Amino acid sequence: MEWGNYSMYADFVLLGLFSNTRFPWLLFALILLVFVISIASNTIMIILIHMDSRLHTPMYYLLSQLSLMDILYISTIVPKMLVDKMVGQRAISFAGCTAQHFIYLTLAGAEFFLLGLMSYDRYVAICNPLRYPVLMSRKVCLLIVVAAWLGGSIDGFLLTPVTMQFPFCAPREINHFFCEVPALLKLSCTDTSAYETAMYVCCIMMLLIPFSVISASYTRILITVYRMSEAEGRQKAVATYSSHMVVVSLFYGAAMYTYVLPHSYHTPEKGKAVSAFYTILTPLLNPLIYSLRNKDVMGALNKALGMCLSSGSVSTL
């Protein structure tokens, strides 16, 4: 279907992340390394949580869902970008762009909600430890996970059809490395201000609700930690609190820049840099932050490595 200077279902061109860098192949190698480590570390987290009975708790169940989201999240964007660089192409079909747009919004929304709900788990564990088995039962954990995935899916189903129904002008060059909403809307041949306002309100709500839960939970946690008499308990609570707050600050901060700050603060270069941070680096940082600061995870990892080494020694005899 064509109208003058645009074709609704024509391919897009992704200008990418490598075009304006002095050492594109060095950046390529760095992103490839980050991708491999992200997939490996998040996969290891899921396997450890599944295999080690000490990690069969609500917190680690939620962490396994976070790792799954991160694997899907980075796999939606980075492989396409790396393959395009290797084969020397930048085109993405209308259907491919739509699918990438939908999956990205769904996973990002799901992670927003999951991080917010994880703060409730930490609040119950620190502020109401005696009621933790009841308040964070298996059924409650399942409801939290379903709510996170459902919330993200609603975001994808609401925004993707509206975004992709706009007519996009030729040459349909997206000054980005994936089909992100703000970059797509810049190509529209029609006025998108009303939709951008509606999307702005939607994003504010999606950020505000989880962030309010996080703020309330950690305010109570800080008060409880301050009142603790045991130094060991206080140290453990602070470690848990700080790990989660690092992840939340990184992810929510980047999202607020992209979707909440006025356009006057945005440039294509800044937008790509911030997007690279939360689509490429955050999936790498999440398992590292949670595992390196967590004795239970490190203990499970050492146990698994010990089993692998011992089985390898037996097989060589």
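Heads up, the Cβ atoms here are built off N, Cα and C, so glycines get one too.
Per TrEMBL, the feature transmembrane segment maps to 25-48 (among others).
The domain 'G-protein coupled receptors family 1 profile' annotation in TrEMBL covers 41-290.
Positions annotated as transmembrane segment by TrEMBL: 60-82 (among others).
Sequence annotations record features per position, and here TrEMBL assigns transmembrane segment to 102-120 (among others). Sequence-distant contacts of the transmembrane segment (102-120), counting only residues of its own chain at least 6 positions beyond either end whose CB sits under 8 Å from a CB of the stretch, comprise 59, 62-63, 65-66, 69-70, 72-73, 76-77, 144-145, 147-149, 151-157, 159-160, 178-181, 206-207, 209-211, 213-214, 217-218, 244, 247-248, 251-252, 255, 279.
Taken from TrEMBL, the feature transmembrane segment applies to 140-159 (among others). Long-range neighbours of the transmembrane segment (140-159) within the same chain, counting only residues 6 or more positions beyond its ends whose Cβ lies under 8 Å from a Cβ of the stretch, are 58, 61-62, 65, 102-103, 105-114, 117, 120-121, 181, 199, 202, 206.
The annotation transmembrane segment is assigned in TrEMBL to 197-218 (among others).
The annotation transmembrane segment is assigned in TrEMBL to 238-261 (among others).
What TrEMBL records for 273-292 (among others) is transmembrane segment.
Across the domain 'G-protein coupled receptors family 1 profile' (41-290), mean pLDDT in this model comes to 85.
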